[in-house]
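Just below is one structure, and these are the notes that go with it.
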Amino acid sequence: HLLQFNKMIKFETRKNAVPFYAFYGCYCGWGGQRRPKDATDRCCFVHDCCYGKLTKCNTKWDIYRYSLKSGYITCGKGTWCKEQICECDRVAAECLRRSLSTYKNEYMFYPKSRCRRPSETC
């Protein structure tokens with residue numbers, strides 16, 4: 001669920017998804033195209049790919065179980081879809097934390113029209 005993903009991002013990075021990640025680069029936020037701009041954008045690209053494999057799941061709106069304890073995100077039990085969505089979100093939030101040192105404010109509201117290089121495939 002998008003609100004749960006936001007909480008994971010905040011837990012890992014201490015930044016709110018909006019405005020820091022919702023419009024970042026070529027892949028963060030709704031949709032994505034061309035090539036990721038940097039490590040942060042690549043986290044979003046991989047997250048999009050992860051969701052893309054879950055074609056039978058309601059990736060943006062399914063509510064799943066998880067906990068935030070002792071510096072770790074742990075996904076809980078649920079349906080196969082809910083567990084997989086949680087894992088996609090957990091991995092992406094942890095990736096965003098690892099990419100904090102290279103986060104660029106210039107990509108924060110990056111116009112998708114400037115994403116020109118050839119697309120990558122998952």
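Each Cβ is built from the backbone N, Cα and C atoms, and glycine gets one as well.
Sequence annotations record features per position, and here Swiss-Prot assigns disulfide bond to CYS26-CYS115, CYS28-CYS44, CYS43-CYS95, CYS49-CYS122, CYS50-CYS88, CYS57-CYS81, CYS75-CYS86. Annotated Ca(2+) binding site per Swiss-Prot: TYR27, GLY29, GLY31, ASP48, in sequence order, evidence recorded as similarity to another entry. Positions annotated as active site by Swiss-Prot: HIS47, ASP89.
Structure coloured by features recorded in Swiss-Prot.
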residue: CYS26; record: disulfide bond; contacts (Cβ under 8 Å, 6+ apart): GLY32, GLN33, ARG34, ARG35, PRO36, LYS37, ASP41, PHE45, TYR110, LYS112, CYS115
residue: TYR27; record: Ca(2+) binding site; contacts (Cβ under 8 Å, 6+ apart): GLN33, PRO36, ASP41, ARG42, CYS44, PHE45, HIS47, ASP48
residue: GLY29; record: Ca(2+) binding site; contacts (Cβ under 8 Å, 6+ apart): TYR21, ALA22, PHE23, CYS44
residue: GLY31; record: Ca(2+) binding site; contacts (Cβ under 8 Å, 6+ apart): LYS112
residue: CYS43; record: disulfide bond; contacts (Cβ under 8 Å, 6+ apart): CYS28, ALA92, CYS95, LEU96, SER99
residue: CYS75; record: disulfide bond; contacts (Cβ under 8 Å, 6+ apart): TYR64, ARG65, TYR66, GLU83, CYS86, GLU87, ARG90
Distance from CYS88 (disulfide bond) back to CYS81 (disulfide bond), taken between C-alpha atoms, in Å:
11
Pop the Cα-Cα gap between CYS57 (disulfide bond) and CYS49 (disulfide bond) into the table, whole Å please.
14
Among the recorded positions ASP48, ASP89, point out the residue whose Cβ has the most other Cβ atoms within 10 Å, with all shown protein chains included in the count.
ASP89
Ca(2+) site, defined by TYR27, GLY29, GLY31, ASP48: further same-chain residues with Cβ within 8 Å of the Cβ centre:
CYS26, CYS28, TRP30, GLY32, GLN33, CYS44, PHE45
Where CYS88 (disulfide bond) and CYS57 (disulfide bond) are concerned, what is their Cα separation in Å, rounded?
12
Of all the disulfide-bonded residues given, CYS49, CYS86, which has the fewest Cβ neighbours within 10 Å once its own Cβ is left out?
CYS49
Three-state secondary structure of CYS75 (disulfide bond) from DSSP?
strand
Under 8 Å Cβ-Cβ from CYS122 (disulfide bond), six or more apart in the same chain: what's there?
ASP48, CYS49, GLY52, LYS53
